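*Asks:* Quick paste of what TrEMBL says about this protein:
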TRANSMEM  6-25  transmembrane segment
TRANSMEM  52-72  transmembrane segment
TRANSMEM  78-95  transmembrane segment
TRANSMEM  102-120  transmembrane segment
TRANSMEM  132-151  transmembrane segment
TRANSMEM  158-177  transmembrane segment
TRANSMEM  183-201  transmembrane segment
BINDING   ASP210  Mg(2+) binding site
TRANSMEM  213-231  transmembrane segment
TRANSMEM  237-257  transmembrane segment
TRANSMEM  278-302  transmembrane segment
TRANSMEM  308-327  transmembrane segment
Amino acid sequence: MKIPDPLSTEIVAVLAALVIPALLVEPARRLALRHGLVERPARHRVFTQKRFVPRLGGVVVAAAALAPAVTVTGRLDVRLTTLLAGAATVSLLGLLRDLRRIRLPIGAATHATMAFAVAVGDVRLRLIEPSWLDLVITMLWVVGIANAFRVLDSTDGVLPTVTCATAVPLAASAFVIDQTELALLLLCLAAACAGFLLHNAPPARITMGDSGALCAGFFLAVSAAIVHSGHGSFVGLPILMLITSVVAVDAVVVAVAGRDRGWVEDGPGRPTRLGFALGPNLLLVLLVLSTAGGGLLAVLVAGGVLPAAGTVAGALLVGTTLIVLLLQKPAPAPPPQLPRIAERHVVAPARTLVKEGAQR
């Protein structure tokens, strides 16, 4: 396990991934507004109920996360090469879906690309035998997680927050097992999302769109399969559940309540119980702690420090509580603050003022 130097190429690559979105997102936003590449108001979009928000941020995030791959050229195995090529292709297909200019089954093509990358790149969860069944489960895992991350983009700041908090524990696990190249790529993804969060925090000025959401979900799903494969079903399945605990909670809420239900709002002007009690900014802090905590528990379970069954049972209890809170009826809107009758300033009619002036 080699620790990189403070001024090594790897550290510079991570810093570049952090700075690139912070600088290039604003030009991408202006370009999207100029050409009408915006997310139009829709009922299933929590933060675009009443305004238009550009959706080209995912292109910048994907470029910032994948560009540092040149620093590890020559040290990539088949699985990492498949990871980078698949993520770039998925991001490109997501961009076509964001543009909505080409009438093709982009969604089906994206899912087929993910499945093909998993099959060709020898990416396996290794949870069950025979191998063909494990391959099918891995394909479903990658496609499902990628689409779950796509749903996260419906609330301000949630997608980059959860992506960043998921990538950092995965990078730590990859670094421990001497997968330093994968750890570098995961840290670059986390840094790119952190830089993008400056523009996506509530109220969001730009969104990732499908190009960023599908790329991030695919990247993390394949990385989790690479890092935590080979533990067997008894330990491997709890590890994967802990890594994607927050994403799973959101997927359950969306499946039960519909796409118009978010972490902060349940529609235009109707905050959820969590959103009303915490507010959007404090809720993002809760998401960071929950996601990073799930990733840390996964690392401890993989290392044998914590028992798998007890840890997953506790995580399920917390997740169930969150689901119940999110499925509660929207909090009532506070009544308007009207001034008291004695404090109201009554303006006299114009005719009365004219008569009083004439009498004087």
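Glycine too: its Cβ is placed from the backbone N, Cα and C atoms.
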*Asks:* With Cβ distances under 8 Å as the criterion, find the stretch in 132-151, 183-201, 213-231, 237-257 that has the most pairs with the transmembrane segment (52-72).
*Replies:* 183-201
*Asks:* Might you list, by sequence position, any residue in that chain lying six or more from the residue listed as 'Mg(2+) binding site' with a Cβ less than 8 Å away from its Cβ?
*Replies:* GLY58, GLY94, LEU95, ARG97, ASP98, ARG150
*Asks:* Given the transmembrane segment (132-151), which of the listed stretches 6-25, 78-95, 158-177, 183-201, 237-257 has the most Cβ pairs that are under 8 Å apart from it?
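*Replies:* Most contacts with the transmembrane segment (132-151): 237-257.
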*Asks:* Six or more residues beyond either end and a Cβ under 8 Å away: which residues meet both conditions relative to the transmembrane segment (278-302)?
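*Replies:* Hits for the transmembrane segment (278-302): 156-158, 161-162, 164-166, 168-170, 172-173, 176, 201-202, 228, 231, 235, 238-240, 242-246, 263-264, 308, 311, 315, 318, 322.
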*Asks:* So if I exclude everything within five residues of the ends of the transmembrane segment (78-95), which remaining residues of that chain have a CB under 8 angstroms from its CBs? That is, six or more out.
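*Replies:* Beyond its ends, the transmembrane segment (78-95) has Cβ neighbours at 58-59, 62, 65-66, 69, 72, 106, 109-110, 113-114, 117-118, 120-123, 146, 181-182, 185, 209-215, 218-219, 222-223, 226.
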